[in-house]
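Asker: Sharing a structure, written as C-alpha cells. Questions coming.
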Amino acid sequence: VFEIDDVKAWKSVLVSVTSYALGLFMIAKAPWYLLPLAWAWTGTAVTGFFVIGHDCAHKSFSKNKLVEDIVGTLAFLPLVYPYEPWRFKHDRHHAKTNMLVHDTAWQPVPPEEFDSSPVLRKAIILGYGPIRPWLSIAHWVNWHFNLRKFRPSEVNRVKISLACVFAFMAVGWPLIIYKVGILGWVKFWLMPWMGYHFWMSTFTMVHHTAPHIPFKPADEWNAAQAQLNGTVHCDYPSWIEILCHDINVHIPHHISPRIPSYNLRAAHESIQENWGKVISIFLSCKAQRVNWGQGYQATTSVRLMSLFKRTGER
C-alpha cells in the first residue's frame, strides 16, 4: 500500500481535471434552477485538486520531489490556497493531532471562553452552528498568509507559494471578470470555491471532532494514541468518494501519511482484517455513515457542548 504508482497518480489528476471541466460546462449550460446542482458537483470536483496536492505534500504522489512541488502548487491554485504554508501547517497537524492548543486543525472551545461574554458566546454559537461548514475559510485566512506564523527556515518557500497565489488572483480573476463579468466570477469561481470549503470543513470536522475523540494537553498527549484514536472512518455517497479520491478513508492516513490516496481503501481493509477487534474496542475507531439530516443537526447544534467534555478526559 506504500508503493507509488505513477499511472494511478496521474489517473487521479485526469479524474479531477475532467470532472472539474464537466462542472464548468454544467454551470455554463444549466438553467438558473439547476445551478445549485452544478455548483455542488463542481465544488466537489475541485476538492479532488486539494486531495492531489495533499498527496504531493505527503510525498505520496511521485518519487520526484520537484514534480510533487509543481503539481501540488498547481493543484492548489484554483483554490487560491498557498501550497507550502498549508504543507507546513498540515505537517504540524499530523505531528500534534488532537493536542490542545498545538493542533492546527479543529480546537475545542474552553467553557471559560464560551462564558466570558454574551457577544463572544453568540459568535461561537454562530461559528460552530450554521456557518460551521465554511469555517475552513477562517482557517485558510488565519494560518496561511502571515509570515510570522512560520519558522525562519520555512519563510522562503512560503513566500514563493504566496507569490503564486497572488499571481493567480491578479491574472486569473481579472480574466474571468473580463470574459463573464462579476456575476460570472461568482458563478464560475466563487460558488464552486464555497463548495470546496464546505467539504474542507466537513471532512476535517467529521474526522477529528466525533464525541468519543479526546483532545489532550501536551503533558497528557501520546503520539501513538492520537494517530490511532484521533480520527474516524466515514462513508459518503460513492460519487463524492470518487471525486475526492477517498479522502474520507482517514484512519490509515493517520497511521501512515505516506500511503497514496488510491491505496487508502486497501490499507483500511487490511487494518480491519488484522486489527479490527483491537481498533473497535481499544482504539474506538468507529465506522460512521453520514446522515445528511441528522448529521447536519449533530454537527451544528450538539458538537459545541461535546467539545467541552472532550478536553483532557481520556
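Cβ atoms here come from the backbone N, Cα and C positions, even for glycine.
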Asker: Checking feature assignment: transmembrane segment per TrEMBL, candidates 38-57, 118-137. Which range matches?
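Answerer: Of 38-57, 118-137, TrEMBL gives transmembrane segment for 38-57.
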Asker: From the ranges 12-32, 222-242, grab the one TrEMBL calls transmembrane segment.
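Answerer: When 12-32, 222-242 are checked in TrEMBL, transmembrane segment belongs to 12-32.
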